[in-house]
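Written below as structure tokens is the structure these notes are about.
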Amino acid sequence: MSTAKDPGNGVYEILSLIFDFPSNEQRLWWHSTAPMFAAMLDNAGYNIHDQYRHLGIFKKHIIPFLGVYPTKDKERWLSILTRCGLPLELSLNCTDSVVRYTYEPINEVTGTEKDPFNTLAIMASVQKLAQIQAGIDLEWFSYFKDELTLDESESATLQSNELVKEQIKTQNKLALDLKESQFALKVYFYPHLKSIATGKSTHDLIFDSVFKLSQKHDSIQPAFQVLCDYVSRRNHSAESDQHIALHARLLSCDLIDPAKSRVKIYLLEKTVSLSVMEDLWTLGGQRVDASTMDGLDMLRELWSLLKVPTGHLEYPKGYLELGEIPNEQLPSMANYTLHHNNPMPEPQVYFTVFGMNDAEISNALTIFFQRHGFDDMAKKYRVFLQDSYPYHDFESLNYLHAYISFSYRRNKPYLSVYLHTFETGRWPVVADSPISFDAYRRCDLSTK
């Protein structure tokens with residue numbers, strides 16, 4: 001009998017006894033992901049009532065939009081959210097103890113003739129969430145969706161002419177930041193398919209859409225102009241000194257009152273090095289205030305601790321097979337937040353640690369937490385991760401961490417981890433199962 005600790009401290013187990021599921025697919029999604037979700041809420045210090053609320057929302061309003069449960073022998077919609085196409089990812093702001101999850105809404109018509117490129121499911125999902133959370137505003141959602149995703153005519157044209165050859169077809173996803181008993185909703189847009197339909201680059205679609213928005217909301221114009229100038233200089237210099245140009249990959253915004261919402265532009269950085277990350281952080285030397293430089297010192301410290309390999313990298317064009325152990329390194333990324341009435345865009349940089357040893361990453365983060373006074377997280381983080389995958393050989397894993405993001409504001413670091421969220425806790429896997437990462441576990445969930 002295994003003595004592995006149960007993630008969730010009882011909340012997951014109790015809800016599993018209570019919940020009924022309308023399909024086996026939803027039951028599998030719950031038992032695969034809820035153990036880690038429950039453990040993360042508990043370790044981040046959410047009170048017991050909020051843990052039940054957020055897990056209840058997850059079961060009722062999110063799991064129905066995750067599609068078929070992934071197995072190697074079953075066709076499914078592949079999401080850009082993870083390297084093996086899973087449509088869900090948990091993340092944790094370790095320095096602020098905020099739990100978050102991101103998902104690509106999927107429904108029964110996703111990938112069919114009615115919705116070949118998954119344009120529609122997000123609308124139904126947003127409407128469900130707007131019914132249970134006050135303050136959700138869809139003005140900027142509607143604007144960017146029109147600007148950056150396919151309309152019905154474009155979708156039909158791409159489908160009928162077989163113009164989409166790529167395996168990656170995600171256009172949008174949602175994220176919930178869990179704040180005590182409430183959540184803040186964000187949306188992300190990937191305009192790659194819109195680029196195919198219109199002939200405009202993904203980069204131009206994103207920057208043009210923000211430019212038009214800034215004409216109406218001029219309070220974001222100063223920060224946007226600074227970002228435009230920086231990207232233009234970087235891309236111009238790419239011709240002379242062989243640096244790789246920056247290109248916008250995706251965009252996000254908060255689904256709240258536009259007067260308070262933030263726009264984030266995500267730039268793909270194909271050169272992975274400390275000097276390039278320093279350039280991204282300071283906007284080529286434009287941000288040199290005391291707070292920026294304090295953050296830069298911590299960024300350098302993280303770089304030294306994590307030991308990310310350097311190089312010039314391309315983002316893969318396809319997905320890893322489910323259960324495939326990665327043997328790859330991803331390019332880097334940074335996002336820039338455009339705040340109202342702030343003349344300078346705020347950077348957040350990403351350490352792409354996918355494919356690196358998870359035990360070593362956990363140890364590096366623990367040292368960082370210890371050095372900067374996050375003692376509780378230093379004690380809990382590695383234990384939480386091991387307990388979420390109790391039957392794996394933790395020392396040999398290299399796919400639990402996808403990214404580590406870092407920003408610095410109000411004189412403190414904001415560090416988040418983005419984690420593989422699949423078959424967590426006591427997930428039942430047998431030797432001839434077509435799923436999982438070859439971990440053998442024994443737990444009968446057939447009655448739950």
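Cβ atoms here come from the backbone N, Cα and C positions, even for glycine.
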#### Entry: Candidate from Arg27, Arg234, Arg249, Arg262 that Swiss-Prot assigns to the same L-tryptophan site as Ile80, Leu81, Glu89, Tyr190
Arg249
### Message
Suppose a student reads Swiss-Prot and sees Lys186, Tyr188, Arg262, Lys264, Tyr266, Gln348, Tyr350, Tyr414, Tyr418 listed for substrate. Which of Arg53, Arg76, Arg100 should they find annotated at that same site?
### Response
Arg100
#### Entry: Spatial neighbours, same chain, of Ile80 (L-tryptophan binding site) - Cβ under 8 Å, 6+ residues apart
Glu104, Ile168, Thr170, Lys173, Tyr190
### Message
Tell me the Cα distance separating Arg100 (substrate binding site) from Glu89 (L-tryptophan binding site), rounded to the nearest angstrom.
### Response
9
